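J.: Straight out of Swiss-Prot:
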type: DISULFID; residues: C131-C196; note: disulfide bond
type: DISULFID; residues: C174-C225; note: disulfide bond
type: DISULFID; residues: C184-C227; note: disulfide bond
type: CARBOHYD; residues: N47; note: N-linked glycosylation site
type: CARBOHYD; residues: N106; note: N-linked glycosylation site
type: SIGNAL; residues: 1-18; note: signal peptide
Amino acid sequence: MILRLYAMVISYCCAICAAPFQSRTTDLDYGPDKTSEASDRQSVPNNFSHVLQNGFFPDLSSTYSSMAGKDWNLYSPRVTLSSEEPSGPPLLFLSEETVVHPEPANKTSRLKRASGSDSVSLSRRGELSVCDSVNVWVTDKRTAVDDRGKIVTVMSEIQTLTGPLKQYFFETKCNPSGSTTRGCRGVDKKQWISECKAKQSYVRALTIDANKLVGWRWIRIDTACVCTLLSRTGRT
C-alpha cells in the first residue's frame with residue numbers, strides 16, 4: 001500500500017510539472033488584435049499624406065484587397081471603382097428591376113396578366129411618376145459634403161497594381177428636360193404649389209479631408225427626385 005501511495009504521489013507531481021505555464025498574455029491571443037488594428041488605422045493616413053505630397057496615390061489593392069474586386073459594387077451600389085466608365089446601371093439595380101418586373105414564363109400567363117391582373121407591373125399599366133428623373137454616371141465629381149457637414153475632396157483616380165482606377169457615382173437627378181420642371185405631375189395647382197427637388201443620400205467614397213488625410217467617408221449624392229408641396233391657402 002505504501003509503495004502504491006508513493007507511486008500515485010510521484011505521478012501527480014510529474015503531471016503538474018508537465019503542464020504548460022499560461023501567462024496573462026495568452027488571453028490576448030483570442031479574437032482580433034486590437035493593438036495591430038489601431039496601428040493600421042494610424043499608419044494608413046500617414047502613408048497617404050506622404051504619397052499625396054509626392055504627387056501620386058498609393059497602391060490600394062494590397063491595403064484594401066477587396067476594393068478592386070468584382071463584388072465591390074455589391075457593397076456600395078452607387079459607387080464604382082473601374083478603369084473605364086460603366087456602360088449600364090449597377091448590378092443591384094438590374095436585379096431589383098428583374099424582381100419588380102418579372103417576365104412571364106409562357107404566353108398564357110402573359111395574356112392573363114394583360115387582361116387586368118393585379119400582378120401587372122406599374123409601368124405596364126401606363127402609370128407615371130410624380131416627378132421625372134434620370135439616372136446618370138457622374139464622372140467628374142471633385143468635391144462633396146460628408147456626414148459631418150465638411151467639404152471633402154473626392155479622389156478621382158487611384159493607382160493599383162493592375163492600373164489606375166476611377167471613382168464613378170450613379171446618381172438619380174430630376175430630369176431638366178422632363179414635363180415636371182414647373183410642378184409635380186397630378187397635383188392640383190389650385191390647391192398646392194408643387195416642385196420637384198433632388199433628394200440626397202449618403203454613400204461611402206474615398207475622399208481627402210482638409211488635413212490631407214485619405215479615407216472612406218460618407219458623402220452626400222443625389223439619389224432620387226421627390227415632390228415637395230406647399231398649400232396655397234395655409235402656406236403649410
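Glycine is no exception: its Cβ is also placed from the backbone N, Cα and C atoms.
Have a look at these and tell me how they're positioned relative to everything else.
T.: Around C196 (disulfide bond), the C-beta neighbours below 8 angstroms that are at least 6 residues distant in the chain are V130, C131, D132, C174, T180, T181, G183, C184, C225, V226, C227, T228. In three-state terms derived from DSSP, C196 (disulfide bond) belongs to an extended strand segment.
Taken residue by residue with DSSP, C227 (disulfide bond) is part of a strand.
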J.: So if I draw a 10 Å sphere around the Cβ of C227 (disulfide bond), how many other Cβ atoms end up inside it?
T.: 18
J.: When you measure from the Cβ of C225 (disulfide bond), how many other Cβ atoms are you left with inside 10 Å?
T.: 22
J.: Among all chains shown, work out which of the disulfide-bonded residues C131, C174, C184 has the most CB atoms within 10 A of its CB.
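T.: Counting Cβ neighbours within 10 Å, the top one is C131.
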